[in-house]
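Copied from TrEMBL, the annotated features are:
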type	residues	note
DOMAIN	26-300	domain 'Sugar phosphate transporter'
TRANSMEM	44-64	transmembrane segment
TRANSMEM	76-99	transmembrane segment
TRANSMEM	191-214	transmembrane segment
TRANSMEM	226-248	transmembrane segment
TRANSMEM	283-302	transmembrane segment
Amino acid sequence: MEKTENEKKPSAVSDVGAWAMNVTSSVGIIMANKQLMSTAGFGFSFATTLTGFHFALTALVGMVSNATGLSASKHVPLWELLWFSLVANISIAAMNFSLMLNSVGFYQISKLSMIPVVCVMEWVLHSKHYSREVKASVMVVVVGVGICTVTDVKVNAKGFICACTAVFSTSLQQISIGSLQKKYSIGSFELLSKTAPIQAVSLLIFGPFVDYFLSGRFITTYKMTYGAILCILLSCALAVFCNISQYLCIGRFSATSFQVLGHMKTVCVLTLGWLIFDSEMTFKNIAGMVLAVVGMVIYSWAVELEKQRKSKVTPHGKHSMTEDEIKLLKEGMEHMDLKDMELGNNKA
């Protein structure tokens, strides 16, 4: 019994570490990109190409890690990697188009809608069910973040289509990270090492054209300065940690938990924006943030309660047989049938 408790402690510590890395790197990269892209900063308005740089450095880190033996490369079919990379790249491009074509208020609403969309997709694809407490806590988080982020809401046909595409593709990408890791028994960093080169190449080829459509400028017309280069390198370094921690978190938790707890980053960004960039902080913002944090606390409690209920129903912690166990059982049954046939033939 003591052994299992000791085994659980490192797991809990590593879960907190993965989450802390994701929140810190995500907030850091938003701050770095704000400085890089704002007109008051370096005016680098090429978001899709910048994401290509992010994945290029991530791919390089993965290659070095594999070459030095720090991580092992496991087989994943190429078509699965290409499909996942396509979904991930559509998500990035659609998010950028949604931000360009929609008001900030509608863009925030579309991001909030990812939580219910992920829940529905996990229910459809993986037959996952949620307790009333979890559903209620999700609603509290959505309302809280909505209060503190949503301002004017203007909708147009093109913007609505882009927002729907962004929400669907991002939700599918996040669910796929977890399912691919389980399907091929592959670690988060190993999976990222395989998908990052494909995403880097495709984004660096098509990214400049997407950015031209968004900003009306090619990246070749941008005059690089040492400050901008340092800011790009900082953004890329933070992106490596952000990408790794995202895969780690979704591998350890679920896409829904990642979305719900991910709004902690929204709260952090708003607070840092107020402290560093002198952004306006109203009573509405503060009330929304408090409600969102309360919702996240309730969500954590609801998930833990759901786990306890399941453990009471199945005391040994085994809910159902895994695919591998079913496969082994089938093989065993076939082996037994063959033995019986051989014995029958010998008797005959």
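In case you wondered, yes, glycine gets a Cβ from its N, Cα and C as well.
Bear in mind that TrEMBL entries carry predicted annotations, made automatically and left uncurated.
The model shown is predicted, which means the values in this text are computed figures rather than measured ones.
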If one takes Cβ-Cβ under 8 Å and requires six or more residues beyond its ends, the residues near the transmembrane segment (226-248) are 18-19, 21-22, 24-26, 28-29, 32-33, 35-36, 41-42, 44, 50-51, 53-58, 61, 177, 181, 188-189, 191-192, 196, 258
At a C-beta cut-off of under 8 Å, are there same-chain residues at least 6 beyond the transmembrane segment (191-214) that contact it? List them, or none. 45-49, 51-53, 55-56, 58-59, 62-63, 65-66, 71, 73, 76, 81-82, 84-85, 88-89, 92-93, 96-97, 100, 177, 180-181, 184, 220, 243-244, 247
